[in-house]
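Enquirer: If you scroll down you'll find the structure; I have some questions about it.
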Amino acid sequence: MSNHLLSLTTFLPILGVLLLLFIPKDSKGVLRGVALAVTVVTFLVSLPILTGFQTNAEFQFLENVPWIAAGPFVMRYNVGIDGISLWLVILTTFIMPLAVLSTWTAVEEKVKEYMICLLLLETGMLGAFISLDLFLFYIFWEVMLIPMYFIIGIWGGKNKIYAAVKFFIYTMVGSLLMLVALIFLYFKGLDAGFSNFGLLQFFDLRLDPATQTWLFLAFALAFAIKVPMFPLHTWLPDAHTEAPTAGSVILAAILLKMGTYGYVRFALPLFPDAAHRFTPLIATLAVIGIIYAALVAMVQEDVKKLVAYSSVAHLGFVMLGVFAFNTQGITGGMLQMLNHGVSTGALFLIVGFIYERRHTRLITDFGGLSKQMPIFATIFMIVTLSSIGLPGTNGFVGEFLILLGSFESSLRWWAVVASSGVILSAVYMLWMFQRVMFGELDNPKNQTLSDLNAREIAIMLPLLALIFIMGVYPNPFIEKMDPAVQKLVAQTKPLGMSARQMPAMQMQGLPAGHPAIPGMAVPAVEQATPAVADPNEVK
Amino acid sequence: MFDNVWLIPLFPFIGFLINGLLGKKIKNETVIGGIGALAVLCSFLVSCKTILALLSLPGEERVANVKVFTWITSGSFNADIAFLIDPLSCVMIMIVTGVGFLIHVYSIGYMHGEEGFYRFFSYLNLFMFSMLLLVLGNNLLLMFVGWEGVGLCSYLLIGYYFHKKSAGDAGKKAFVMNRVGDFGFLLGTFTLYWYMGQAHNVWTIKFTDLAANSHLLPTGGIVTAITLCFFLGATGKSAQIPLYTWLPDAMEGPTPVSALIHAATMVTAGVYMIGRMNYLFIRSPETLMVVAVVGGCTALFAATIGTAQNDIKRVLAYSTVSQLGYMFLAMGTGAFAAGIFHLMTHAFFKACLFLGSGAVIHSMHHALHHVHSHDDAQDMRNMGGLRSKMPLTFLTFLLATIAIAGIPGFSGFFSKDEILWQAFSNPHHGDLNYLLWGMGALAAGLTAFYMFRLVFMTFFGECRITPKAKDHLHESPMVIVIPLIVLAALSVVGGYIGLPKVIGELFGGIPNYFEHYLEPVFKYSEEYMAQHAAHAAEHSATLEWGLMGLSVLVALVGITIAFTMYVKNTELPKRFVATFPALHRAVYNKWYIDELYDYLFVNPCKALGRFLWKGFDVVVVDGVVNGVANVVMAFSGVFRYMQSGYIYNYAWSMAFGVVVILGYYVFK
């Protein structure tokens, strides 16, 4: 049974969909209850994955069965997780029940279809994280797109059609390019004697620089749109603002991670040389994103848009860390992905709470809410602080490791500029918090607001707990992902290491002249592990 | 033997949790305040035990790392939750918990009847927790946790009266300016870690390891960059030029907060940090000079502003900025022990002054409230003659004022004089020393002037509120007065543990206990100095006595002028204002620095944000996106006529095609 744990987790929501189909559309309570139950069960089923995961660099819970064979194209149902995808799977199953709960009362129209969309989305996201077959990944990648399109387009706000179409087309452009690149890559693989789309074998395929460049660009563009990176980010504020709360939460917490995960899982290890070549460009865009999004967030009038722009800034940090190509940078990037899921997810929930009460998100409509809603105020404050990366909360650990890692790599000056983002994030978040929560409670409409109810508090509590746990005791998270990160660092070492990059490698405690090993994928893992050295032993 | 030091930060944290989570239900002020104060008292007792244990060890063994658990490990990077016990951290925990406890007790009386009483005490305990982490953290990252944590508590407590816009603004300003400093702190940490690692394969952020390996570092160069980054952090937290403007605004917070956070403890964190990393700073003559000059300038500059403020707390706030300047002046001249000594005496007398002003405001507020007057309870122009109404407050306030003014025999005299002497005689800055000493001495005169101006305006002369309100003025309850008395006593005698050498010799060779006690912490700097720095010119004891006399004289002149202007001839200030209106306006408006910052940084940032949003995002990027969409739409608008569904349209195109193809073959 445990061999099929991943599949079970991934397809449980689909079973839920089947169940929902048999429930009359007017029994909204039942529909909601069933959807919630399905997501909760999915989460519970995913927990043995976490506990059963062995802390090493291997892919685990593997399942590999024939699926489609059409002429030269052989696709297999090939899934498995390592330390990198493990946490994203858990994050997904963890966020989904909260998302279902978040629009418990806000969505009254077409509840049945809404819940079906959410569950389909969950399967799509989980599938994308566990796929070890390029084609399977692509399928899941596209499967995610459609429910999200409907969630924004049907249950969204005033401008929902524009936002939904923009979201769809932006993502589609990238996906199609990725599809072309994927097929091209597959033929390269056939030439090298591969017989299917299995991802792991492609890591050993060291393509020539020109091919790598083109393929990398295609993949990178698709992922960059999803992240989103400056200047491809403009779909995000619209999509976030129009989407219902659950949509925003899922979008921020998980869908965006698809982009950064794509880099970590595909673009970097498949095309390491090209990735290195484009590092200055991508790091520059990431840093521009951090500063740019912060400045734009500062002047937003709509709370939700402000949070959306803050997402762009946070994801800029993730990209910077990933492209540092060293342990701290990538670990920080991975942690920040999780942190962002927790903190920004929580922020969208919070925005949802007040929107549901006041049907406005304009900052100027609020003020002095602290007096009226003390519990809300406390929770909002904690989440705000986590978003600006205050030490003791989750946001800090990720941000710090990212900056440290990129500072040690060739991206030193990028790290310096990015560090100033810590100032700006404090400016826009605290200013918003002040205008919404502090001051006189002078708007009569705000004077009758009720504080959070039990359901809302129940949604927030797990997130608050994670904010502190990941901030104070992040080591369990780091330990599980560490071997996979080390492996990635080894995999992405450039072949012709230039003199400039040498010190960056030495810093990792790896032997400097160490040749990049093409067959790094599975057997050579042990070579990467001794990089963890106790600094105190050095002296 | 230091196994239970983790209790020191833990007690306030428990207090924070109890009051924060249950305070609203407890309601009873005595219980809430009691829990808050008790938590700090427990920390204080453990701190006492710790310092006694430390003192029982021989000098060179007085350092210990106490690890609690591993916090972050990633590659070669490692940071523990672990505490560092050494003379410096011990003196700091004594000040923080000792003064902190007194202020907690005082707060029970001061905050009586305030809405959110429990919130106040939970924040205050959280602050104690963070501050203790800051001073006890054994590595840069844990120190940074405390560093940001105290910033957060400062933000929360400044904004305690959050319904007031000014309070919210002040809190945000404090946090953001501190973050500018934190940016420096982070960069310093990165650079230090990276440099030590790649150049010497020492991957560490642990203070004891850094100190032990500090001989690997060069003089100047990269060390200058690192220390300047850290110093930027210090200017934010300790309100030095250019990041000092948040501190006067921070007076929006309740007065005990001003005493605890914005005078005695948090704002001295920058000084502590330099002391903690003295072995780095001593290796960069350039940074030392910057520190000394910034400190000296801040001491003088803030003192000038202090002379023209009418809000009693604002005068004290500028005074704090100025006194912190003295501490940095000391650090910048390599006189680390003197800086820490002034940190301690300042904690005593400035806490006493703030709490005293709090008692005055409290009393004024009640009196004005009784007669339904909306006059400002903090404006000294409304006060006067309070001496007879609040004798104990007056007496303690006066003692602390004499201490800060630098009158011989009081604590401030010893510490300030040591700093001035070091500024004059240190071997680092050559002829700049005269300027440094001059700025310090002039600031001392101004300090004496504005502090006695404050005393005279508040406690002397005629009471300027209505007689009816005057009848309601009264001395504060014991819970407020007792902390004042303790602090006043410390302000008087606290200086005797650090007698300057010449004075000690006069009384039969009494050593400077304080400097001796801190010696193990600063030994790396001492060793470095012995090898590298130019030897200090020999100065005679006569010169030291002479300079001491001069600084006392300057202080006395300041007091005399204050007496003349605010007691004898109260028309003088008005005449002065009339004669130099522009100067007065500039000083009164704090030299327009806030306006300048708004103009230079705040407004351009907002304008840029707006431009990027409305200009770039909406016009350029979305312009391209929507443009592409429109082009596609336009094309498809044309092409859709090709599939109209009418047979005759298709027939026409077929015929047209036939004609074209035939034509092609015919005319080929």
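Glycine residues also receive a Cβ, built from the backbone N, Cα and C atoms like all the rest.
Keep in mind that TrEMBL annotations are predicted by a computer and have not been checked by a curator.
Annotations for this protein, taken from TrEMBL, read as follows:
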type	residues	note
DOMAIN	B:71-121	domain 'NADH-Ubiquinone oxidoreductase (complex I) chain 5 N-terminal'
DOMAIN	B:138-426	domain 'NADH:quinone oxidoreductase/Mrp antiporter transmembrane'
TRANSMEM	B:35-57	transmembrane segment
TRANSMEM	B:81-105	transmembrane segment
TRANSMEM	B:117-136	transmembrane segment
TRANSMEM	B:142-162	transmembrane segment
TRANSMEM	B:174-196	transmembrane segment
TRANSMEM	B:216-236	transmembrane segment
TRANSMEM	B:287-308	transmembrane segment
TRANSMEM	B:315-341	transmembrane segment
TRANSMEM	B:392-414	transmembrane segment
TRANSMEM	B:477-499	transmembrane segment
TRANSMEM	B:545-567	transmembrane segment
TRANSMEM	B:647-667	transmembrane segment
Enquirer: Per DSSP, what is the residue count of the domain 'NADH-Ubiquinone oxidoreductase (complex I) chain 5 N-terminal' (B:71-121) in each of helix, strand and coil?
Expert: 29 helix, 13 strand, 9 coil
Enquirer: Residue list, the transmembrane segment (B:35-57) vs rest of chain: Cβ under 8 Å, 6 or more residues beyond ends.
Expert: 1-2, 4-5, 7-9, 11-12, 14-16, 18-19, 85-87, 90-91, 93-94, 97-98, 100-101, 104-105, 107-108, 121-122, 124-125, 128, 132
Enquirer: Near the transmembrane segment (B:142-162), which same-chain residues lie under 8 Å Cβ to Cβ, leaving out any that are not at least 6 residues past its ends?
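Expert: Residues packing against the transmembrane segment (B:142-162) from afar: 71, 79-82, 116, 119-120, 123-124, 126-127, 129-136, 168, 170-172, 174-175, 178-179, 182, 185-186, 189, 233, 237, 249-250, 252-254, 257, 261-262, 265-266, 269, 273, 276.
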Enquirer: Sequence-remote contacts (6 or more beyond its ends) of the transmembrane segment (B:174-196), Cβ cut-off under 8 Å?
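Expert: Non-local partners: 77, 140-141, 144, 147-148, 151-152, 154-155, 158, 202-205, 210, 213, 216-217, 222, 225-237, 243, 245-247, 249-250, 270, 280.
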Enquirer: Ranking B:81-105, B:287-308, B:392-414, B:477-499, B:647-667 by the number of C-beta pairs under 8 Å to the transmembrane segment (B:216-236), which range is first?
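Expert: Between the candidates B:81-105, B:287-308, B:392-414, B:477-499, B:647-667, the best contact partner of the transmembrane segment (B:216-236) is B:287-308.
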Enquirer: When each of B:81-105, B:117-136, B:477-499, B:647-667 is checked against the transmembrane segment (B:392-414) for Cβ pairs under 8 Å, which one has the most?
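Expert: Answer, by Cβ pair count: B:477-499.
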Enquirer: Six or more residues beyond either end and a Cβ under 8 Å away: which residues meet both conditions relative to the transmembrane segment (B:477-499)?
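Expert: Apart from its flanks, the transmembrane segment (B:477-499) reaches 99, 102-103, 105-106, 108-110, 337, 341, 344-345, 348-349, 351-352, 355-356, 358-359, 362, 392-393, 395-397, 399-400, 403, 409-415, 418, 507, 510, 512-515.
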Enquirer: Below 8 angstroms Cβ to Cβ, which residues of this chain, lying six or more residues outside the transmembrane segment (B:81-105), approach it?
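Expert: Distant Cβ neighbours of the transmembrane segment (B:81-105) are 2, 5-6, 8, 33, 36-37, 40-41, 43-44, 47-48, 50-51, 54, 62-71, 121, 124, 128, 131-132, 135-139, 142, 207-208, 256, 259-260, 264-265, 272, 275-276, 340, 343-344, 347-348, 351, 355, 479, 482-483, 486-487, 517-521.
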Enquirer: Mean pLDDT for the domain 'NADH-Ubiquinone oxidoreductase (complex I) chain 5 N-terminal' (B:71-121), as a whole number?
Expert: 89
